[in-house]
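**Q** Found this in Swiss-Prot, in case it helps:
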type	residues	note
ACT_SITE	SER24	active site, schiff-base intermediate with substrate
MOD_RES	SER24	pyruvic acid (Ser)
BINDING	THR56, GLY72, ALA73, ALA74	substrate binding site
ACT_SITE	TYR57	active site, proton donor
Amino acid sequence: MRKIVAGKLHGLTVTGADLNYHGSITLDPEHCEEAGILPLEFVEIWNRNSGARISTYVILGERGSRCCVLNGAAARTCQPGDEVIICNSVYVPEGEIVALRPRVLTFDKDNRVTSRLTYEVTRDSQGAYHFAVRDERGDEKPIPLRVEAS
C-alpha cells in the first residue's frame, strides 16, 4: 500500500488560533466537502510562512464561514494571517493510483476558492507513470504549476 494525496486545500489563510482547546483544525464544511476531506480525518498542515509541518484531525466549523482555526497544541504552529496548505491522504495499492482524482482548491486571502484543480496519474503501455494537473474545464496545466500570489 502507498500513501497518496487524496485532496488538498492550498493557500488557506488562518483565521484563528485557539490554544485552550482539545486539539484539531476547524474548517468550513464547504471547503472540506469539495476537496473530499471528512470530519475527524487526519490531515497534514504545512505553514507557508514558518515552514512548520504538523498533523491533526478535522472538525467542521460553520458552513460558509471560510474559517481555518488551529486548536490546542496546533495553535502554537500557525497564527492568524499565516497561509497554509492542508492535505489529506489515502492508502491504495500502487496499481490503483490511476483511479484517483484528488481535488485541489486554491484560495485568495479571504479564503474564497480561486481555482479548482484535479491531479491525474496515468500509465502508458510501457508501464511508465505520467502526472497531470487539470483545471475545471479539463485543460492540462503546466508542471510545476506556479501558485498565483493572492
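Cβ coordinates come from backbone N, Cα and C, glycine included.
Show me how these features fit into the shown structure, please.
**A** Within the same chain, the residues at least 6 positions away from SER24 (active site, schiff-base intermediate with substrate) whose Cβ sits under 8 Å from its Cβ are THR56, TYR57, VAL58, ILE59, ASN71, GLY72, ALA74, listed in sequence order.
The secondary structure of SER24 (active site, schiff-base intermediate with substrate), as reduced to three states from DSSP, is extended strand.
Summarising the environment of ALA74 (substrate binding site), the number of other Cβ atoms within 10 Å of its Cβ, over all protein chains shown, is 22.
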**Q** What other residues of the same chain, not counting THR56, GLY72, ALA73, ALA74, have a CB atom within 8 A of the CB centroid of the substrate site?
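**A** The surrounding set, listed in chain order, is GLY23, SER24, ILE25, ILE54, LEU70, ASN71, ALA75, ARG76, THR77.
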**Q** Which residues, sitting 6 or more apart from ALA73 (substrate binding site) on the same chain, put a CB under 8 Å from its CB?
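**A** Those within reach of ALA73 (substrate binding site), by Cβ under 8 Å and sequence separation of 6 or more, are LEU19, GLY23.
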**Q** Tell me whether ALA73 (substrate binding site) sits in a helix, a strand or coil according to DSSP.
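**A** ALA73 (substrate binding site) sits in a helix per DSSP.
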**Q** I'd like the number of other C-beta atoms within 10 A of the C-beta of TYR57 (active site, proton donor), please.
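**A** The Cβ of TYR57 (active site, proton donor) has 15 Cβ neighbours within 10 Å.
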**Q** Tally every other Cβ atom lying within 10 Å of the Cβ atom of THR56 (substrate binding site).
**A** 19
**Q** Per the record, substrate is bound by THR56, GLY72, ALA73, ALA74: how many Å separate the farthest pair of Cα atoms?
**A** 10
